[in-house]
Each structure stands twice: as structure tokens, then as C-alpha cells.
Amino acid sequence: MEISNRSGRYVMQPSGYRAFVPNPLPPEPPLVFSSELMSLLSEADRKLGRLDGVTQVLPNPDLFVSMYVKKEALLSSQIEGTQASLQDVLAIEESRLNDDTLEVANYIEAMNFGLDRLREFPLSLRLLREIHARLLATGRGSERTPGEFRHSQNWIGAQGCTLNEAAYVPPAVEDMHQALGDLESFFYSHTDLPTLVKIGLIHAQFETIHPFLDGNGRMGRLLIAFWLCNEGVLSKPVLYLSYFFKRNRQEYYDRLMDVRRKGAWEEWLAFFLRGIAQTSEEGVASAKKIIALQNDGIRRINEARLSANHAALLDRLFESPSITKQKAARVLAVSEPTAKSVIDNLCALGILKDATPRSQRNKRFVFQPYLDILEPGTDPL
């Protein structure tokens, strides 16, 4: 027995459960671009362009992007239940990693690897497998065939549920490979579709196919950033929707399920485009605060007539707002006593503050004004 709709069909499997087999993109009948959807698309395009513009005038955009990658890695992992905080992520270089922080560290590695590869190769299924291998390289999920599409049936549901009890069962393996081939073809066809609409369709379809045994949610969210950079919509990966998806977690899941159950593509796209508009607007506001913060820091250093090492360390703090004497010495290529003097001076200016845990011997300092901009929304679920 098959139950079908615009987005695909539920097919009864020999073992007695139904798996969903998605139709190729784009949807048929074609998408209906209502006045509301067109308005949302226009707003998302406009605000995303503004975000791309403002990040290009940051004093050092690569350092800003590096920190944003860490925040996105944390938020995307938290959606899947990872119990880690922004402070945990900042301490990754200085501490042994538990499973939660290891997942975030792997996400950062996967993101950076993918962005580097995209400079040489187009987005493809092969590249997605390579990125997935980094995402699940160590820790939880490392036994779940990293870098390989699944060879068995998976399903989504409450912990411990069976296939027959699952909320959603993705396509069986043979159908999965066909759906993936169709998705890859869609990457570089139907160029008449607006780019933001296209990535909205791609993200939902990828989550529907669920091609890996683990890490599908994180891979699907990585795919959004990769696609926008691949298509030249963004010069740098500064749009991260995980904060929006985390705040609206239940609606995120419900909208994806409604695509499968009802073919509700337009409703999903409206939600997705609202997320792009909101996230872009918040990103612009954050970027402006960061520009003001950097200008204020430089002004304080200049007024105190401090050496160039102080400005150099301030610059580095926008990449990683957590620092130790040892790390500062490496970054500045100076002795540890000199590094300590620089840190002490930045503390006196209110730029750094001591954040050393009681159990830790080596002192750790944080750029708290920067964290105040970045930390909202990063508490674990």
C-alpha cells in the first residue's frame, strides 16, 4: 500500500513498516509564490545582503567568522541534545574533551574543512561524505560509519522506539540512493528558482532523505552555509540559522514533517525565509556592536600609550575570546613574562577579566564584552 502526496509517498516495506520516498525536486505541482511568500523572500534577500555587506567592513572579518563558526557549531549541536556551553567551547584548546565538547570540536573541524574544499571543488555527494567523516571522526557517533551513506534502515522517534513506533521513517537504502542522486542533480539545475528558495528546498529534502546513520541534522544545517558560499550569495559563512532553529525547535520539526505528510512546501519555505531574515538582522546588529567594541578597545590602548602587542592580542581575542599567559606568548611570539604584562594591562583597561576556575592552575582570561555579544541563546536546552 502506498500513500502519496506532493512531496513523496509512504511505501509499505516487506517487514511491515512504511518508509517515506521523496519525489525529486522541485515540487510538482509547482510552488505557489503568494504575495506573502514573495514579501518574505524579498525581505530575506535584502537583509542577507546587508549582513554580507556589514561583515565585509569588519576590521578583520576572518577572525569574526572564526568565532561565529564556533558559536554555530555549539548551537547546531545543542539542537541534537549536546550539553555544552560557549565557555566549554572556548576552553577546548586548554582542556580534555568530553563527548559533548568533542562533538562541537568535530563540527568546527567539519565546517572549516568544507569551506576550504569548496574553494577547489563544487558541492557534491562526495564532498558531503568527506565532511561527514570529519563531523563524526571521534567521540559519540564515531562507530556509526562516518563518511558513508547508510547501508541499513534508520528512523526518527522517541528514544528506544521501534521502527513501527517511529515518528518518521526515511527511505529504504535503495530508494535513498536514488533520492540522493536526484538531489545532487537539483544542486545545479532549475537555476530559475531564487537561491534562498532553492536552499530551503535542499535542506528539507536532505533531512527527509536522512542519508547517514548519525549526524543528519548537523550536516543539513552545515549544508545551508556551504550552499550560500558555493553560490556566491555570501562572501563569508556568516549566516547561521541554528539559533533560529533552536528557538523554534518544535516548529522546525513540525514544518519538516508537514512537508512529508501534506506536501506543505510553501509553509516550510515561509518559516525558513523568516529565519533567514531574523538571523540576518541579528547578525547585522552583532557586527555593528563588534565594530564599536574593537574601535573602543583600540582607543583605550592608544590613550594608555601601550605597545603594539596589546593591539595584536586584542585582534586575536576576536577569534578566540579566551586566553592564557602561555597562549598569549605563542600568539605574540614573546616571553611568558611579557605576555603576562600585556594581559595585566588589558585587564586594567577592562578588556580582559580573570575567569580562572578554582580547580585550574593556569590562569585563564576572557574578553567579557565580546562574550556579552555572543553568548545570548547559547545555554544548553
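The chain as shown is numbered from 1 upward.
Cβ atoms here come from the backbone N, Cα and C positions, even for glycine.
Under the heading active site, TrEMBL lists His210. Under the heading ATP binding site, TrEMBL lists Glu80, His210, Asp214, Gly215, Asn216, Gly217, Arg218, Met219, Gly220, Arg221, Tyr252, Tyr253. Annotated domain 'Fido' per TrEMBL: 123-274, in sequence order.
All features noted in TrEMBL, drawn onto the structure.
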residue : record           : Cβ contacts under 8 Å, 6 or more apart
Glu80   : ATP binding site : Gly217, Arg218
His210  : active site      : Asn154, Ile156, Pro170, Met176, Asn216
Gly220  : ATP binding site : His203, Phe206, Glu207
Tyr252  : ATP binding site : Phe245, Phe271
Averaged over the whole of the domain 'Fido' (123-274), what is the pLDDT? 94
Three-state secondary structure, which DSSP defines for Glu80 (ATP binding site): coil
For a quick check of understanding: given the listed ATP-binding residues Glu80, His210, Asp214, Gly215, Asn216, Gly217, Arg218, Met219, Gly220, Arg221, Tyr252, Tyr253, what is the maximum Cα-Cα distance in angstrom, as an integer? 19
